[in-house]
Amino acid sequence: MTTTLTQPVRLESELAARIVDGPGGYTGVEAGAEWAAEVRRLVKLRNATILAHNYQLPAIQDIADHVGDSLALARAAAAAPEQTIVFCGVHFMAESAKILSPEKTVLIPDERAGCSLADSITGADLREWKAEHPDAVVVSYVNTTAEVKALTDICCTSSNAVDVVESIDPDREVLFLPDQFLGAHVKRVTGRDNIHIWAGECHVHAGINGDELTAQVEASPDAELFVHPECGCATSALYLAGEGTVPEERVKILSTGGMLDQASQTAAKKVLVATEVGMLYQLRKAAPDVDFQPVNDRAACPYMKMITPAALLRSLAAGADEVHVDAQTAHAARRSVERMIEHGNPGSGE
Ligand code: SF4
């Protein structure tokens with residue numbers, strides 16, 4: 001669906017002609033000065049603001065008005081004075097922005113930018129799971145669709161997942177979804193045995209495994225480790241710390257926002273980073289003297305990378321793709337997100 005402008009939008013013909021809709025998304029436009037000028041012209045014309053997730057391409061991060069994690073961006077969308085939000089991230093994140101600011105127009109440059117983790121559980125799956133555990137409290141990580149959030153009691157981020165679960169009556173069962181690695185981390189820290197964990201995973205994070213981490217740690221014994229708790233290697237990182245292979249204080253299990261905070265405080269010369277590789281761009285900008293290296297340099301999210309310079313230009317010119325969440329779903333989803341904010345420090349999402 002598209003939204004229209006009161007003023008006609010003129011796309012520079014050369015730029016427009018280069019936008020190609022290929023299998024991986026919209027391509028064919030160089031992110032040069034001409035593109036940047038056209039993007040800024042359209043942003044002004046549309047009274048819009050551009051928000052970009054930490055995993056976006058560097059050119060998209062550089063042109064955005066705000067760069068951050070999913071929760072920080074949803075809050076920035078709600079606080080923005082502009083009426084139109086152009087959300088450069090994946091679809092569930094744009095939905096969260098819409099849930100928190102229903103009166104605004106939210107655009108995503110390519111609505112096909114999904115998320116394998118959010119897609120690992122549907123509303124129908126969750127209804128069935130709840131029916132099997134009718135007294136359980138449902139805790140959902142923010143990487144979920146609006147429909148799943150609407151069926152959730154409390155959302156959580158990787159920063160406050162432990163606090164949220166600890167706030168629940170120890171005698172109540174907990175259904176934790178959708179990420180099995182974050183669920184395992186929460187179960188280990190809280191020591192709860194009445195927590196059921198959905199077997200979902202992000203294919204990008206799951207691909208960062210313990211063997212690669214061990215090899216990298218052995219090659220750089222003085223490096224610090226920044227590990228996102230959704231990573232397949234989060235358990236390995238804690239194990240290596242327990243074994244003394246890496247001193248415990250050098251292993252940091254952090255959300256993406258937490259990684260940025262830690263980057264400016266670390267005394268380490270080298271940091272191994274276990275999350276999506278787009279994060280390295282922000283970390284290197286935040287602490288240019290630190291050598292940040294990926295644990296797996298192939299860990300790139302193909303959905304995040306669908307938000308190309310061409311897709312952003314198309315979005316601003318055509319008012320597409322608009323994100324819609326029906327009022328009833330948005331109301332219920334908003335409640336579970338607001339409860340998350342009341343419990344501990346939500347910090348940031350992915
Ligand atoms: S990196 Fe994984 S969890 Fe994040 S948006 Fe991509 S598929 Fe989803």
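Using the three backbone atoms N, Cα and C, a Cβ is placed for every residue, glycine included.
Feature list (source: TrEMBL):
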BINDING   His53, Ser70, Tyr141, Val142, Asn143, Ser158, His228, Pro229, Glu230, Thr256  iminosuccinate binding site
BINDING   Cys115, Cys202, Cys301  [4Fe-4S] cluster binding site
Quiz prompt | Listed binding-site residues adjacent to ligand 1, that is, members of Cys115, Tyr141, Asn143, Cys202 whose C-beta is under 6 A away | solution = Cys115, Asn143, Cys202
Exercise. Could you measure between Cys115 ([4Fe-4S] cluster binding site) and Asn143 (iminosuccinate binding site) for me? Cα positions, answer in whole angstrom.
Key: 8
Quiz prompt | Inter-residue C-alpha distance, Asn143 (iminosuccinate binding site) and Cys301 ([4Fe-4S] cluster binding site) (nearest angstrom) | solution = 14
Quiz item: For Tyr141 (iminosuccinate binding site) and Cys202 ([4Fe-4S] cluster binding site), what Cα-Cα distance in Å is obtained after rounding to a whole number?
Solution: 12
Quiz item: To test your reading of the [4Fe-4S] cluster site: which residues beyond Cys115, Cys202, Cys301, same chain only, put their Cβ within 8 Å of the Cβ centroid of those residues?
Solution: Val90, Ser116, Leu117, Ala118, Asn143, His203, Val204, His205, Glu276, Tyr303, Met304, Glu350
Exercise. Using a 10 Å cut-off, grab the number of neighbouring Cβ atoms around the Cβ of Cys301 ([4Fe-4S] cluster binding site), all chains included.
Key: 23
Quiz prompt | Pairwise Cα distance for Cys202 ([4Fe-4S] cluster binding site)/His228 (iminosuccinate binding site) [Å, integer] | solution = 12
Quiz prompt | Whole-number Å value of the largest CA-CA distance among His53, Ser70, Tyr141, Val142, Asn143, Ser158, His228, Pro229, Glu230, Thr256, listed as iminosuccinate-binding | solution = 18
